[in-house]
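**Student:** Sharing a structure, written as structure tokens. Questions coming.
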Amino acid sequence: MGIKKFFKIKPPPEATPEENREYLNELGISTKTTPSNRREKFAAYGKFANDKVKSKVYAPEGYEQYANPGAQPSERQQLDDLNNSPYDEVSMINNRNASASARHTGNYVDPYSNDNASPYGNSDSSPYGNASASPYDTGYNAPLQQNNNPYGSMNNSYSNKSYGSNSYSGDTYASPSPQASSSNNNGATGQRPSNPYANMNSQDPYGTNSYSNSGSVNAYKGFTPNVAASDVSSRSYASPRHSTSATRSNDREFNFERSGADDEIDLNETIRPEIDNPKGVQRNGNGDDDDLNNSIHENEGIGTPAKGYQTFEDIQKESQRAEQQEEDEEVDGIKQQIKFTKQSSVASTRNTLKMAQDAELAGMNTIGMLGHQSEKLNNVERNLNLMQIQNRVADDKVSELKKLNRNILAVHVSNPFHSKRRAREAEDKIKLQRMQDKQNQEDITSTLHQSTKRIENAMSSGHGPSEVRDRYQNQQILEKAKRYQFENDEEDDEMEMEIDKNLDKIGQISGRLKKLAITTGKEIDSQQDRIKRIEESTDDLDIKIHVNTTRLTNIR
């Protein structure tokens, strides 16, 4: 039975962290305190860096979404997804219902059906009628065709049109009727026909124009029927097949009265250049085109008739006018080129300014994250310094414990004559150690202050431009831009000012980028030195803790 158990001696109760901290403070030993009023200046950049970090998912390819099913998308991802809309599901349901209901109606259009682009359907010029003969023109659930027989249409030229005047009916021997000819030739009143024999009916079956009475077919504007041709065609439908010979004999008769009336020229009629001379052909004063017996001096001095020749002055004026026009066109081209170049310069400066601003923002984010990293390194240095102080106290306590735990017969008595000197040496040692600890703390604080000041100076944008400076700067820009301007207007001045200001901003941003780059390099070098010191202090502290642990295990 041991003495401790015999006398019922129990170890003292373990002190709480608060009691231990108060006891260490009474002894003059530094302890860790967490002030509530301390704020980190670059905490926002640390949160920004944490948001940018992507969590590693160890899952096979294609199964990443099942590795962490409870994870919710971040707030930034939700903000960046501009395609999400609360009405997407509603619109999808409505579109699905609309497409389902359209399939049961007759107006449904199958997107996979062939378009009705058959050359044999829906045209009067088709010999197969209006109905499309293609079996692929009908789509899924499309309404049925009324008549799918390609030879049963009402407009079939082989069943309804026989020797009609329509050129597309296939009869090249059909000639226009007198009524159609008169209606076509007398359409423009007061105009003298260029061919006096155009109104005569041709006796040659091959001389008639098979396309004169037919409706004009335009591939882009549809089919425009001719009224006269339709009348003749309708009459030809009613006439029997054997009546064509009588019609041809009647057409051979020449109507001299009508032809003479068409050939008469009204000499009292006023000359209208836009009708008689549509193409700007020069004529003499009498209005005759082919009369070579007229004198060029016949109407000289009467009004201002058109001359049949050009004088030297007219030729010179015309050449000057042409040169002036060419010069004006060249000037206009140069103006357009100048304007286009300035607009391109404005766009280039805008793009460059935007990229410079993005680079500056990225640099500021980088140096801000370096500031947050500096604050974290400062916390590590403070904790490491406190660990060194407490490890030194632990070393003293281990030595004292070893002295108290030795044999009871080993009596240790200090020299009473040196007591004052020992006390003085102990006080000096405590003072020196305390001064050294405070110096280490001040160095750590000074390093953090220098790093923070360096980063804040790099992130400061400087003073903004004042109104007076802007006003005088605008005047200076306009004065300097006059040598690059030609007939400048307000828009031109605005482009010049924008180009100059954008270039000025780009220069300022370039200077700040250089400052950010230099500061970032200095900060990285400083933090590398601090990390090296932390590594060395950590290794030294690890060795000391290991020695104290070994000494405690050797105490029996």
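Using N, Cα and C of the backbone, Cβ positions are placed for all residues, glycine too.
Since the structure is predicted, the reported quantities are computational estimates derived from the model, not experimental observations.
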**Student:** Looking at the candidate ranges 1-20, 421-440, 441-460, report the one that Swiss-Prot labels region 'Disordered'.
**Tutor:** 1-20
**Student:** Kindly report the helix/strand/coil residue split of the domain 't-SNARE coiled-coil homology 2' (493-555) according to DSSP, in that order.
**Tutor:** 62 helix, 0 strand, 1 coil
**Student:** Let's see if you can do this one: DSSP helix, strand and coil counts over the domain 't-SNARE coiled-coil homology 1' (339-401), in that order.
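**Tutor:** Its residues fall into 63 helix, 0 strand, 0 coil.
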**Student:** Mind tallying the region 'Disordered' (1-20) by DSSP state, helix then strand then coil?
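**Tutor:** Final tally across the stretch: 8 helix, 0 strand, 12 coil.
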